[in-house]
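Residues or ranges marked as transmembrane segment by TrEMBL: 17-37, 49-67, 104-121, 201-220, 245-264, 326-349, 369-390. Feature annotation from TrEMBL assigns domain 'Homeobox' to 149-187. Taken from TrEMBL, the feature DNA-binding region covers 151-188. Taken from TrEMBL, the feature domain 'TLC' applies to 196-396.
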Amino acid sequence: MCLWSLWLQHHKGRNSFFLSFFPVLVGFVGLGFSPLVTSGSALNCQHVLVSNTVLLEYIIFSMAYILKTLNSWFWWENIWMPINCTWADFVDRDGLVFPKPHQLYATIPYAFVLLIIRFFCERYVAIPLAKALGIKNVRRVKPQPNPVLESYFRECSRHPSQSEIQGLAKKCNCTVHLVEKWFRRRRNLEIPTVLRKFREAFWRFSFYLTSSIVGFIFLYDKPWFYDIWQTWVGYPFQTLLPSQYWYYMAEIGFYWSLLFTLGIDIKRKDFMAHVVHHLAAIGLMSGSWCGNYVRLGTLVIFVHDTADFWLEAAKMFNYAHWEKTCNILFIIFSIAFFITRIILFPFWILRATLYLPTYYSTTPVIAYFLFNGMLLTLQGLHLYWGYLIYKILKRT
């Protein structure tokens, strides 16, 4: 162990990263052949146990070294910040406060806080509002517990053929009519109720509306809200404002909460597009936090949220069968979407991230390509959703 540590210390650098795999291989090979050796005396068994302990130490040490190397590569200054800047430059001083990467851990507890708020919001606000709008809570009749039919429903088919129904009826020792009735009720359980759809739309509407109002309050008196050049003035030594901290924490926590509930929320037709969107949003906001691109980040958040609450409001009135109100809200959403996502985002935000940095640095850092790659991914999703919105408007 000591010899291997000395060897790695004398061979620091990228080569040592690959050398650290060597004891891992030796360890697994040694542990794999140890049963062949242990067939001897008790002394041999004791010797093998000692050898295995040493090999395990090699493995643990090597894996720790690999993780440490990956960590040092991930936080390499040239990835996140301009040349001649180090992490030591981002220590709070002289009234300047900078974002800390470890602060992002707090977004996970904030996500669970938002889930608790969502529970009470849906239960005590959304449900009474839905009843006031005329949405009834339809209770579905559950089928009788039947392990055979349940297993077939989950693993084989939700719509069995007539011959399959007859076979299941014989297997369960019941009539064909009872099997058909069981599958019909079981399928109905998978269909989300209108009230459930309304509750989810109300929660998203509440968050996006609150975020838009709060975001405007935070941004309306900031110079970079009106002059996009101001997002780069003084970079990277731009102080972090308390409003920016809470704006980021709430937004990242919200998207974490959406990812946590993907398995229980209603599955949409564009499910994978939403998964990509949520992951890109979390990655983009987290990366911009670490690189202190917070001014631009707040503008990206604000541009995205200002259109979404109109869509959720249109959904709620659609579930209540208020068609005229729903159509008006959807038209407002479409206008807001095309202004913010198809015009402002590419010609205002992307211009500030792709073009303006060249005036402040002649050598783009790796983060420049990473962040712009994620922003372009979001813009691709915007174009996809814009096409879907256009098709809906064309039908109506």
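Here the Cβ of each residue, glycine as well, is placed from N, Cα and C on the backbone.
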Contact set, same chain, for the transmembrane segment (104-121): CB under 8 Å, 6 or more residues outside the stretch: 202-203, 206-207, 249-250, 252-254, 256-257, 260-261, 286, 289-290
For the transmembrane segment (326-349), distant same-chain residues with Cβ under 8 A (at least six beyond the ends): 228, 296, 299-300, 303-304, 306-307, 310-311, 313-315, 317-318, 375, 378-379, 382-383, 385-386, 389, 392-393, 396
Per-region confidence, the domain 'TLC' (196-396) (mean pLDDT, whole number): 90
Counts by DSSP class (helix H/G/I, strand E/B, coil) across the DNA-binding region (151-188): 29 helix, 0 strand, 9 coil
